[in-house]
């Protein structure tokens, strides 16, 4: 049996994740059967499940990757900027449909919910850290607790993702994001 380098294994794992993301986006979690995953990924079930023990772990790996990527952008630019980028460049955000699947599974699968909370914490921490940093710099309104602003922004994000992923009208979303940003910012110049 040939020896496979860690680099090669990592590349194969990434190929599986990219194919699985397309499959989950097109068919949803339930519709992404092992056969469909094999076809979309272009690898056998043995190859897929060598890297991921089951479909749920594969899906969670995607969710973890998405949360980490979003957390990076949030830490740098803020959650409203993430939403602006999603609106301007939907092709860069192939994970939108995956996020809707996550929402559905959170409601229906307690085991998944418990495992997902760990991954979501990465994004939550990035958003909270950014809000706290901006509050410290006097950029955030100070009449509302940071945790309330965090919940508010998360709620807006969930609705925003739902609208984009379901093909809803986006005509006024740029102005909505302006309104959201104005609603959390301090009225005093920093």
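One-based numbering along the chain as shown.
Note: Cβ is positioned from N, Cα and C throughout, glycine not excepted.
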Binding-site annotation, Swiss-Prot, citrate: partner of 79, 80, 130, 134 in 21, 22, 35, 185: 185
Feature DNA-binding region in Swiss-Prot, mapped to one of the ranges 33-52, 53-72: 33-52
CB-centroid shell, 8 A cutoff, citrate site 79, 80, 130, 134, 185, site residues removed: 78, 81, 131, 139, 140, 153, 181, 184
Helix-strand-coil residue split for the domain 'HTH tetR-type' (10-70), DSSP-based: 53 helix, 0 strand, 8 coil
Cα separation, residue 130 (citrate binding site) to residue 181 (Mg(2+) binding site) (Å, whole number): 14
Distance in Å spanning the most remote Cα pair of 79, 80, 130, 134, 185, given for citrate: 13
